[in-house]
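Data block below; observations after.
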């Protein structure tokens, strides 16, 4: 009975990741550094506990927690082995895993945006103050002075804070495209140039405030948008790490040597020790062991394997050394196939066009056309070039989409914050857009609909006799920490009291107890009652003096809220189905309980094929899964959610992650995604309505700096306030249905 | 008008000083862990800031929003 029922990667695996991801900081001599993610840190006490515990480890020079990002950076003196960081954190109740390398570098772009935003905020507030004096009727001398001063503040701002837009506009133009940054860049620079001209001419109207506050509002939108964009990360590297580093081959003369994976030819004999992964697809020639096939089936319960069985590359050999014969070269192995599927799925992902980009593609030409037509129109009716240009620039200012720039990111930031408080992490803003469009939800079974913890199947445990088999079994099981033991103990309200000294645990087999002179055994059926044939569905048997008393069957416990969540999703008009790598009987039982159509014994490739089939039928699919075997499906679905207990690769491949046990996170995420899509539409409508009102005024040549400032600020403000409606808790009730 | 001639630039210079202070605190990593900073202030056993400035800067900017 040695079952690692925990779906999450083992401590050893995570510790190996740590060694993989640690690195030498530049110029720090003989020290190494690693970054760990510790999701369960919640408060100051946790922070202190983690820091002091890690600092006390031998060799550790420093540990610094970042509570906002739930990470800790640890530095230690360079040694052969990294300190037992992950093991130690596990012991004090903070499961941790190494942060991927890609995470580790500083987000330079966000810092640059923040600096530009700070400069624009400074400039626009100061210029606004000066402009107020001008709007409320300063005498010409003061007005001229204030215009000059405004120009001096605006010049460095337009040069520095506007760079983000100029660069993006330039690269778009260079490739013969246009994007929203083109009219923005033209608008800002022309507005500034016009204002300088006006100031030099001692004119009445200078638009320094418009140029600078336009940058300010747009930079807010741009910064929020950047925060909502996931940095490109790939699960492909994670899969590659499951490959054995090399293979041990047995030469015909019996000698062993390690060779590179690419040199393994079909027919070669290979040795795979316990704890190693199978290097290429192979058949067992001799040996009997247990294997962790979670990569293939998603089931982490060990599968007994023996001579003749075929093992796919990446399967972990758990118990005893195996001699294998290679069937395929490593380039055609199961793992290589998984990697290719992953790559294909991830490159397909990049094709989604975000709603803001689609809106910009429609809107940018309108802005150019409106300004150009105004210029031509005014020239046609005989206005001077100066007047025509001034009016055309006024149109550019008023059509510049600052509210439009805020419309999407503001809503997505508020929605992500709301979801975060509910224990759901959104990696990328566009995943909310994609989540809104789904019409089908596909669930994995183990680890997703179920928690991977066994539950005893036993009729009426409440009314049983005192000395019944279950009471005896529960009495014995209550003194063992094994998952099956816990399930038996949990199922019996009144266990028989068994003295601890009468009990012994036989590792790998079960428990043995002496009660009233008889020997009771609880454990593997073949060990407890060796002379009696048993049903293969029975996992644990109880025997008295080798005579079977009872047999126990288990099923995987449903994740909390699973039934309600599925009913809720169906009630929202979504098709729900089950797609599992597990045995048909287990899947059918669960599907029956939940009333779902199902497909069982699906390989990772089958899962991807099923999703593609659904896509061909015009469906938009949300995939909910956790295992290694779901990774490719998670990446190829339109949008995907994984529980926090998922494998590293599953979490990397998924778009959203829910931290709590309950599946109610999924309907909630969908509800908020739908709500935020509504708000984004409203925001578009509101900001376009503002432009529609102001544009005729600008075309007619009546626009003043004051009107531009009011239109810009109030439309941005309204868009922000509208987005904040999503944060109000009362919407949770109001938005049902 | 004569007052405004130097008072207004003075105001601008003062707010520019605030801007520079903000940019410095941003580069120093003081906004990297607002939740952690709020908790750390309660614990009394450290009378000086942690030495690991480079560590703090490294953690910066990884919050997804």
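From the backbone N, Cα and C atoms, a Cβ is placed for every residue, glycine too.
Not measured: the values here are computed from a predicted model.
Secondary structure counts, DSSP: the domain 'HMA' (A:32-97) has 19 helix, 21 strand, 26 coil. Among the features that TrEMBL reports, domain 'HMA' is placed at A:32-97.
The transmembrane segment feature in TrEMBL is assigned to A:116-138 (among others).
Under the heading transmembrane segment, TrEMBL lists A:144-162 (among others).
Taken from TrEMBL, the feature transmembrane segment applies to A:206-224 (among others).
Remote same-chain partners of the transmembrane segment (A:359-381), defined as residues 6 or more beyond its termini with a Cβ less than 8 Å from a stretch Cβ, comprise 178-180, 182-183, 187, 387-389, 391-393, 395-396, 399-401, 404, 408, 684, 695, 698-699, 701. Look at TrEMBL and you will find A:359-381 (among others) tagged as transmembrane segment.
According to TrEMBL, the feature transmembrane segment maps to A:393-417 (among others). Long-range Cβ contacts of the transmembrane segment (A:393-417) within its own chain (Cβ-Cβ under 8 Å, at least 6 residues beyond either end) map to 180, 183-184, 186-188, 190-191, 194, 207, 210-211, 214, 217-218, 220-222, 224-225, 227-228, 354-356, 359-360, 363, 366-367, 370-371, 374, 426, 429, 432, 672-673, 675-676, 679-680, 683-684, 686-688, 690-691, 694-695, 697-699, 701, 703, 708, 711-712, 715-716, 718-720, 723-724, 726-727.
For the transmembrane segment (A:684-703), the list of distant contacts is 359, 370, 374, 377-378, 387, 390-391, 394-395, 397-399, 401, 403-404, 407, 711, 714-715, 718-719, 722: same-chain residues at least six beyond its ends, Cβ to Cβ under 8 Å. The transmembrane segment annotation in TrEMBL covers A:684-703 (among others).
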